[in-house]
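Single-structure report; data block below.
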Amino acid sequence: MKYQFSIIVDPATYDNEGLSNGIDLRKNNFTHLEDRGAIRAQQDWATHIAPIKQFKGTLGHDYSFMTVCVPECIPIRLEIISYANEFAFMYDDDTELDTENNTSAENDKLMGTFLAGTQGWSPPQDQSSSGKTRILKQLFSEMMEIDKECAIATMKAWAEFLRVGSSRQHGTVFTRLKDYLPYRIKDVGEMFWFGVVTFGMALHIPDHEMDACHKLMEPAWIAVGLANDVFSWPKERDASQRLGRTHVVNAVWVVMQEHGFSQEQARQYCRELAAQFVAQYLDNIRNIKNEESISPDLRTYVEAMQYSISGNVIWSKFCPRYNPEKRFNQTQLDWMQNGLPSTVELDGASNTSSSFLSTSTHGSPASGSQTTIESKDGWTADSSGIVSLLLNCSLPPLSHKVISAPLTYVDSLPSKGTRDMFLDALNHWLHVDEQRASQVKMAIRMLHNASLMLDDVQDGSRLRRSKPSAHRVFGVAQTTNSAAFLVNESIKLIRELAGDQGVAAVLEKLTSLFVGQAQDLHSSRNLSPPSLTEYIQTIDQKTSALFELASRLMCLCSTATVVPNSSLSRFCILLGRFFQIRDDYQNLTSPEYTKQKGFCDDLDSGTYTLPLVYAISQQSENFLLQNLLSTRLAEGTLDDDQKRLALDQMQLVKTNEFLRKILDSLYDELRAELQCISSSFASENPQMELMLMMLKL
């Protein structure tokens, strides 16, 4: 991991009380940007929600929260994540003295505001919630302007935090630490902080690595939660007393009940336990430092999070929030009392300086790493060794390293994660246990990756998610063989997961996939455009089929008492159609798609997408367009000038406008179908709402 924006603080200047041994304290060089973001959030809260009384948030005289907890935050992003974090602290204080039911209702309302705000509509809410809506819209707008992809991932993480954490169980009386700690990981803000750090450092953690991320980070979050409980104990104890509660949702209180300790004994016990989890976490960092099977961004995230541990400890010791005798520094006081300056420079550089707009802060494996080559036993001058080997019928099977290499490559490429998000949203209704849900995700990902590899070979695609397609790295034969192996492995996994019914489902959908692909290839090879009906049938047998299979497998594993299979099937079919037509449209119009797959990649492959099918149907005697397709078939590709000419011909009949209308209609129908399914389950599904919002153009 590279260190560009922070310095190490002299350890002689602070005492970490044994809570972050082995971890440096680092401090961001642009702390004034945190001051600006936090104070701006306070002012907006006071303007749009309610006056602030005796609030002490994230700022500190020498150590403000974000400055030491995310020391490698890219400066251009520091102000906005500090704004978000200060809002979270104010929201937490605002709900701290409320009942559990009211807090949960407020969380649901805020999640609804979050979803509604990003879609441009506002449900009727009270004055206070409307103010929060306004603040969130401003927050998301600024984040999207900086980095849309990271911002959407962060919103998803924050929505998950509101769903599972954010004081939802503050009415629960925990009396055993082993019951309390899993809750504390969620409530301390694991997913909120994940969103903050990944946005602040421009990190992109693939969805398929989230389980690994949770496991690697678990000891860190326990350590942070315990340390936070040690320092916040007086504040939270007093708040519970004011509310008339007989318990405190804090590890110190839990340890007092479980072991009969005094307050100070319980705090010391928590300190010692936190130190043990810090040691476990540092082991995790060392173990994955050069582990290339883990994405560089996940390795960076895991390494960077150690500074959240040390930063949280030192901030907690010196912040006015937990230490009433501490004061803010003069700049902070001036800005709080007299208002913020109109702009803040990044130490002499404009805050739009390109030097701060980097989108990656990866480290790289140590240059001195070595590769171990296995010796080839048996090859000796003495033939007896060879004969002995030939007569040994118990040799172990070959390693899967070679056959898995193309699969590992494709799986490592950045992904929108739509299918994983779809499965998570389905599980909101279906209640599949975590292990089986993860297996369904794995099986669907395996089939999806296999289809990508085969499609790229058959379509001649040069790029996949902005990287060379697998067959251009490993060759057509190896890629095809690996894809077939992946299909085989997915069937084995599904058999273990869902038995004969699962195997029947996957074989049915594999048949659909192959038949749909055959229709696609036939049309391209023979310059035979499909009818609109044939085009939709092809989508249903390819894109929709995988969504249907995912839904069917989840239903087979579900513990829900009522499952509206026909409605789910219709939703999956419509979702597949929307997803594919959106992809067709984006392939011809989106700069991001050009970066990922090349300029108008579908025209290179000769695929009859909906834009092409529509344009041909509307101008059957457009010989120019027909001859461009013939040239593509003869030469195997079109150059950019030829593609631009084809686009011009399609726009003669306003193809793009037609597609937008189709997509809008499909989107409206998807939302209506979602409401019907939600009614059948008697449960709204914010995650599915969020997924649709993210797909909307």
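Heads up, the Cβ atoms here are built off N, Cα and C, so glycines get one too.
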Per Swiss-Prot, what member of ARG436, ARG462, ARG465 joins LYS416, ARG419, HIS448 in binding isopentenyl diphosphate at one site? ARG465
Quick one: which of ARG464, ARG472, ARG671 does Swiss-Prot put in the dimethylallyl diphosphate site with LYS542, THR543, GLN580, ASN587, LYS597? ARG464
List the helix, strand and coil residue totals of the region 'Substrate' (232-236) as derived from DSSP. 5 helix, 0 strand, 0 coil
Students should find that the Cβ of ASN228 (substrate binding site) has, within 10 Å, a number of other Cβ atoms equal to 22
Give me the sequence-ordered set of same-chain residues, not including LYS416, ARG419, HIS448, ARG465, with a C-beta within 8 angstroms of the centroid of the isopentenyl diphosphate site's C-beta atoms. SER415, GLY417, THR418, LEU452
Counting distance between Cα atoms, which of the binding-site residues ASP92, ASN228, ASP455, ASP459 is nearest HIS448 (isopentenyl diphosphate binding site)? ASP455
Across the record's isopentenyl diphosphate-binding residues LYS416, ARG419, HIS448, ARG465, the largest CA-CA distance in angstrom? 16
Work through the binding-site residues one by one (ASP92, ASN228, ARG419, ARG465) and name whichever has its CA nearest to the CA of LYS542 (dimethylallyl diphosphate binding site). ARG419
Neighbouring CB atoms within 10 angstroms of the CB of ASP92 (Mg(2+) 2 binding site), all protein chains considered, total 15
Candidate with sparsest Cβ neighbourhood (10 Å radius) among LYS416, ARG419, ARG464, LYS597, the listed binding-site residues: LYS416
